[in-house]
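J.: Annotation comment: TrEMBL describes 1-18 as compositional bias 'Basic and acidic residues'. Residues or ranges marked as domain 'Reticulon' by TrEMBL: 62-247. For 1-35, the entry in TrEMBL reads region 'Disordered'. What TrEMBL lists as transmembrane segment is 73-88, 94-113, 167-200.
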Amino acid sequence: MAEHKEESVMDKITEKFHGGSSSSSSSDDEGKLGSSSSVKAKIYRLFGREKPVHSVLGGGKPADLFLWRNKKISGGVLAGATAIWLLFEVLEYHLLTLLCHGFILTLGILFLWSNASAFVNKCPPNIPEVKIPEDLAVNVARSLRYEINRGFASLRAIGQGRDLKKFLIVVAGLWILSFLGSCCNFLTLFYIVFMVLYTVPVLYEKYEDKIDAFGEKAMVELKKYYAIFDEKCLSKIPKGPSKDKKQH
C-alpha cells in the first residue's frame, strides 16, 4: 500500500511538471507567433499595399491573366496582341482594311458552308445570336460617366491652385506622355503598356520582398528631397483661396 501511494504521488508530480512545461511551451509558442505576426505586419509594402497582388488587380480571370496563372491562355493573348501589332506596324496593315477582309472571309465561309450542307447531307453551321445585354451597357456607361466626372473634378481642383503637389504630378505625367507620343504612335504606345502590364505584376509577385525593400529605401530618399524642395521652393509660392475663405 505504501508503495502504491508513493507511485501515485510521483505520477501526480510528473503530471504537474509536464502540464506546466506544456503550458509554458504553448505560451512561448504563442508569444513567438505573436511576435512573428507583428514583424510581418511591420513589413513595408509598395504604395501601402495591404492585399496580395492578385486582389489588387481585381481578382478573378483578369488577374489570373496578368499573373500567368494559366500559361496557355496568357501566352495565347500575348501572341495575339503581338500579331496585331506586327500586322499594323511592321506590315503596315490598316485597321479598316483588316476588318473588312476579316468580315469578307468569315461571311464567305459561312455562306458557302450553309449552301453546301444541303448537297453534302450535313447540318448547316449553327451561328449564335449575339446581343449586348441592356444591363451590361448601362453599367458600363455609368462607370465611364463616374470616372470621367471624377477626372474633370480633379482637373478643376488642380486648375484652381489648391494642390501644388498634384499639379506637379499631373504636369510631369502629361509631359512624359507627350514625349512618348512623339517617339511612337498610339498603337505602339498601347502595346508597350500592354507588355508592361503583362510582365511587371508577375515579376513583382515573384520578387516582392526584394522590390519592397528597395522601394522603402527609395521612398525615404524621395521624402527627404521633397521636404527640402518644399521648404526652399514650394512653401514660398502663394496658394489659391481655400473653400473656407470663399464661404466666409
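Each residue, glycine too, has its Cβ placed from N, Cα and C.
TrEMBL: automatically predicted annotations, no manual curation.
Are these features on the surface or tucked inside, and what are their neighbours?
T.: Only residues 6 or more beyond the boundaries of the transmembrane segment (94-113), in the same chain, are considered here, and those with a CB under 8 A from a CB of the stretch are 87-88, 124-125, 127.
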J.: How about long-range neighbours of the transmembrane segment (167-200): same chain, 6 or more residues beyond its ends, C-beta under 8 Å?
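T.: Sequence-remote neighbours of the transmembrane segment (167-200) are 66, 74, 78, 81-82, 85, 88-89, 155, 158, 161.
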